[in-house]
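Let me begin by presenting the structure, written as structure tokens, before commenting on it.
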């Protein structure tokens, strides 16, 4: 990635000569860049002397009738390896300064392309601008902007046209990075492109306008010019330019209406005025298809303005805000695409009625106007404005300067430079440094300010002080500049630092041209062994300097480009440590001070000491009087700084005094005492004030005339840890690592109180909400309360043993809560000033100090207390008054697709009545949870680059504050916009806490210092809502959104089907996304001659819902895996497999007599509706296939007498269907307005059923008279006390009861005779998705992974009490926690034992009596990456994306052992051959490669990891043992292959032959030692994704590894390439030891047999599709191939017969024969099918 700042620019730009790296850029503008510059011609690209080409780059003549000339063709599958680059090397620069860049090019059909532009900003920052059709969304960093080429999202179509792309480089940098463009440094055009030319210009050209049209329209007055002939694409006479070519550019000009025309103008009249202003635009568009309509976006609504032909009237249509949908279709049939990331410009529309401002951005593709991209952003922008910073220093406290007029002081606060007006305290800020400021310097008239920052290579900035603009930024090439000095004229800058070896280095720069935009150049530099503390340039000569340090004072001079020095002869003072110096203006002398109290007056003309004096401590004569100091003998007082004016001198000393002396130092005439050592002193230019700084962080000045002292700033001397604001008294309390507690006035920002704790550190602080009391928690665990009114300690509590991590008061102030790092939580009664402890709980809060200082969060009404704990993965909510636990939320399970555990970091409550709890997590997310139920409302990803350190929400719940990465972000809490946040920088250290002030007018952030920001958002109270159709516009300038919708070039699609929002219930089935397609034709084998037989299925689909059935009476047990129904004998483990569904099966239902099974799946095989199959359980045949539901089938159930089947569609289908099971004809179908989650028949009546949905149960009564059927429906709502919830599950009891579960964890009980709910109880903390009832027992399963058994014997009695029933008689008998959300369960009639399915892909056997849970079926949750076998074929091992390695018994297919690595995916796997030295089971190992580049070796016998290696820096993609098991070969994603020893763990060698392309296969085999003419007993191959195969011979004991063959297989030049290329796979042929087999993307779809002896392809087997997996049988001449079309093909290479087999529901990415060749394992995502070879 680019981004090197201060890169030198060669001086050849503009002159045609090539300069070295260190040359000075004399002219950026190449010759004749006005009116335009032909880049290819100017740099003579065809000679390749000043440019370079790499890979497949050719030139050819275009023979098109119109477009003739030379074109450069760049081809290749890897863009980074096929490109044209200007200039030749990265150390050179083009130096092109044109405002616009024009690229004439044509993307290649079916291909991707990339273009990189490196541009340099005015502050020498290099930024890369890239655009490509590879990018799907806009991304940006400080040094890289990635734009998706919106015209071609994905590969280019076949009818792609020549395109002229215009980029406004000035505008792009200004808009995205707030930087100023300087020049174009380099261009890189990568495959796959046809490029005609490149041009730069300062003019805006329009290719669709001719010269005559431009003259007529007078477009030149508006900055628009026709395209010059050399740049233009030719257009045949009579044709339109836009009909043949595409023109893409940024539209960013805004139409502004005059104030007198719009004031208080209704919106509709404004539209008419707007049309009058469009005359220029219409003229510009005269060569484009007729304008039919445009849109105005106003206050989140969209107005369609349709221009009617031959009519002056305007029709206006109003579209609501929900119109902003992705790929929405206009009413006119035109398509409006909502993109993300194409941020070009913004227009603001404000409404005086509702005080709402809308920010929108637009990207328009001219010509066709097919694609229009918008961005809506958070307003106002900026929403924060930095007001005040409390802080001083950071790196050093000695830098503070006066301005020339003596009215302001300039000082650093960490990374910010502050200018403070001494009269008003108003602050101004210079922001730009990325680390702490280490030095400051002014020129003589305070117009130029120099600042340096600390760091490895210190950066110096030069500022225009009046404008606050950074003029230049450059690297000093020294470490941590400690001192700066600017000459009086500002033409010379001098700095001191250390070089890489720690030697002192002095550098002098020429800064004379900075104000004219010139560069800073080094005049001279010198290394010295002497210590230098200070160096200053003489005011009378820019080339002379004086320095001082330990044991030396030196005079310096720049002459002839060299910096030379001479020492002053110090005589008896040669051993002093000199600290500072000052010039006496108008005299040839300067004063130097020292730590021993000496002040020497140096005559720098004669290089001698003119005078020497010493400051001594006074002798105390009286108790209240101190004698003034004189220069006598004795121990002196250390002087840190000295300043000299024309009349007096000021000294700053270590004893805390600033003293003023006459120039003869006869006596002190004024002094000021400070709290600590004084670091620096500076006399103002008017000699009336003396500025002082102290090492304790104080800044003030002494008024010489009034003899008064004024404190300007007090600050903490270390990081600020926490703060609290008293909204009543406008005070703020802060605690810091400097062991102080400070109270500040928020209005004046002055310090009021200061408390110091000498031996313990304050950690957290909080104000009492009503009284003038605050509490503070300390690192010792003590909690103290203080009274500010009495300045006294009130109480001291010692309930904690660890550092206090959380401290807060209840809103009424009666309660206080505290927590510590040892997990203790304490509750205090604070109703009186002498607070006392009410309750203490141990080990409830997470024992992690990183949650400090805000570990506790209290809801706005004071009822709920939340914190992270007991573990970092859970958040607990308690009743604040009793500390009773109400809810525990496991945040680690909320992301089901993540392979790593997420932990909670920070929490905060939203204000009531929102009722949300916000949790920031370790994966940089913010989770918004319902505080009552714990359900996930929404999540915000990528909140910060690193973890979020603080959260705060505004009182009206409109704005969210987050802190992290040393920045503060302000978010729109509802996330309504495309850009929902704004970022604010300034802190140089992590932000510890950020929060709104109680009045919501300001924001405070703390860390290195205290930042007070003005919050500029308009509050909801100040912004009454109104109907925006009545709004009027009252702005100083009206900026309107103009967005054209023209007749599209291509045929438009009709309206898309309506999509429903998924309800808040996990019960609904969502099929896993699949990129594969169903096969169009299958070569089924003849009946009775199948070569394969499906033997076993490994895995259970945890993604299904109710997709497992078990009948305890008959023993019938069935479940689904993908599109296969597995019928398993629970005693023998044998399986039957029912195949027929084309897609993933969603749910199952079995009849009560266990004779019929119904299964449902999605659409397939050309069907427009879901498929429901009816199976005969006795013979396993499909009796009937029925269709009705359009999306997915959610649930199915048979009636008590098995005469009816009810099927329920999902939330998109919303249909319930009733079927006659005799004929399976549809009897009735009903469509719901809301989604329904579950359905069940009443076991007491075959004609009654019920279904549940949002807030109600719907009871159905079926009445049938002959062939006619009627339905009676009663909808019963849940009681109000339950709240607005989703009823997600239900089950009937045999005693007229119906139980229903909710998404909030409640169970409601209904009387089925009255259809009324008569009782509820809290049964779980999460959604209850499964309910089963039998007699007096009830089983519930939820998304908290828990399954519970309830005793409900008393419910029948309570039914008679009606609504007065209580839940106290419902007893929880048993509870078990499983490995995932419960998605299905079946139990016996007594509910003693049953089978339960979870989302983790596990089926559990549950026995309540024995309290046991046993895994029946288990599989991988995520994609399976490899299968490997033990040499004896007794076991096999699999690995997957979930990070697990699982070992299975091949005889029973049961899981034997599992090795789990968290937060990594296991990419590849190999089983060791048993070495002779270690026979038997002891020698069995598996080696696994992981995504972090590590290799782990596991012992099977000891079930432990034996070895871990890290030979790769990227993810591994292939791994194998050598034939003897003594070597491990591994390949990575970067193409590097490592040879490692499993004995020592050492990497023996690294092979780079395949570098740049991922390794797909590594295979080893034995060979005769001298075979192929090369010594070695092992033959092995490696294949990579670039279609290359290498073959090697090795003798590892002799350290020999020799490449014997290198195969490169061609690919088509212009193929109809699939979106994802198939893998390149190779394997040795088991039945011919000199042949290898290859499949991959190539000229033809075929299998190639390559002879290593003949060095040629000897056999080809054609395929119908490209292969995605390959395996060769070691026993017979069989070859297995898997396809993306979900088909497995078995090929007999002897007879050339082929057979296809189905059973997978996705691409078959893995095929593996067992070592004996008797079985074949295939994998599709997480499904593993085991096939038995039946052919011989």
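The backbone N, Cα and C atoms fix where each Cβ goes, glycine too.
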- Any idea which of 1-25, 26-50 is down as region 'Disordered' in TrEMBL? 1-25
- Item | DSSP-assigned states of the repeat 'WD' (1417-1458) in counts, ordered helix, strand, coil | 0 helix, 24 strand, 18 coil
- In terms of Cβ proximity under 8 Å, which residues at least six beyond the ends of the repeat 'WD' (1417-1458) contact it? 897, 899, 1096, 1098-1100, 1102, 1119, 1121, 1128, 1133, 1400-1403, 1464-1471, 1473-1474, 1484, 1486, 1488, 1490, 1498, 1500, 1503, 1709-1710, 1712, 1714-1716, 1719, 1721, 1723, 1725-1728, 1730
- Taking a Cβ cut-off under 8 Å, which residues six or more beyond the ends of the repeat 'WD' (797-829) line up next to it in the same chain? 763-771, 775-784, 835-849, 851-858, 860-862, 865, 867, 869-870, 880-881, 883
- Task: Tally the residues of the repeat 'WD' (797-829) by DSSP class, grouping H, G and I as helix, E and B as strand, and everything else as coil.
- Result: 0 helix, 18 strand, 15 coil
- Query: So how many of the residues in the repeat 'WD' (713-754) end up helix, strand or coil by DSSP?
  - Reply: 0 helix, 24 strand, 18 coil
